Amino acid sequence: MFATKTVLFIAVVSLLGTFSSAAVDTFIYGGCSQEKYFPGSPYESNVNSLLTSFVSSASLYTYNNFTTNGISGDSSSVYGLYQCRGDLSSGSGDCARCVARAVSRLGSLCAMASGGALQLEGCFVKYDNTTFLGVEDKTVVVRRCGPPVGYNSDEMTRRDSVVGSLAASSGGSYRVGVSGELQGVAQCTGDLSATECQDCLMEAIGRLRTDCGGAAWGDVYLAKCYARYSARGGHSRANGYGGNRNNNDDDEIEKTLAIIVGLIAGVTLLVVFLSFMAKSCERGKGGK
């Protein structure tokens, strides 16, 4: 995932909703370096400064990268970038809200880690102690495919049309394709050149075709780009991508909350009962 010597642990992946309607702060993936920094160190100060710059800049720009230099000769320099999905704007505040959420989650996920990256539905943030800016990285981070749809010539034609439009080199760094009920989206990070972006996207799209060609939907995230396709509003990917899994999870959450509330109520009643019994005993002793 990182183009550095650090080793990353990819956090639990949970892709939810379709790209057009899912909440922009839906968690996609996150990873942190094994290497840690010391609390109170100059590097920690530079990381905090960098992440703060992300949030401030996102109210004006949908992409930016920063280098926070340390003192000459030390190892406290930190490099980072953020990027919002191509259909989000800085003017509406959607980009800034997403980046702020991503920075907050990254701070919790990668506390004291020298490097970290986090992808939400609407934005991506990354920092490291070794520069990765302008470096193409086609490492596979996430690859998920939906259930097979079986042979359907119309469906396959639409899918090929959508994926083909994503592969068009004239599409820029953010690309959208639509055919019937199918839609696709692809994007690479803003630090790549046009040639590097096309190369990265072709790798992601190629994997999407090969690995998810007969699936109802598919997602391939590489370290510096991604490509996805899905039926518009036709499925939910919560916790394993099953169409009804989200409702089941909500039911489980409600059941858990009901149990917790019941336990709290039971404990409260027990405390009241014991208090009443204790007072009754005291009155009984006082009357003797």
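Using the three backbone atoms N, Cα and C, a Cβ is placed for every residue, glycine included.
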Among CYS110, CYS123, cysteine joined to CYS98 by disulfide in Swiss-Prot: CYS123
Candidate in CYS32, CYS212, CYS225, CYS281 joined to CYS145 through a disulfide, as Swiss-Prot lists it: CYS212
Per Swiss-Prot, cysteine bonded by disulfide to CYS110 (from CYS32, CYS188, CYS197): CYS32
Disulfide-bonded cysteine for CYS95 as listed in Swiss-Prot, from CYS84, CYS188: CYS84
Nearest of the disulfide-bonded residues (CYS200, CYS212, CYS225) to CYS98 (disulfide bond) - Cα to Cα: CYS225
Secondary structure at CYS110 (disulfide bond), reduced by DSSP to three states: coil
Among CYS32, CYS95, CYS123, CYS197, CYS212, which are disulfide-bonded residues, the residue with the most C-beta atoms within 10 angstroms of its C-beta: CYS123
Cα separation, CYS123 (disulfide bond) to CYS110 (disulfide bond) (Å, whole number): 17
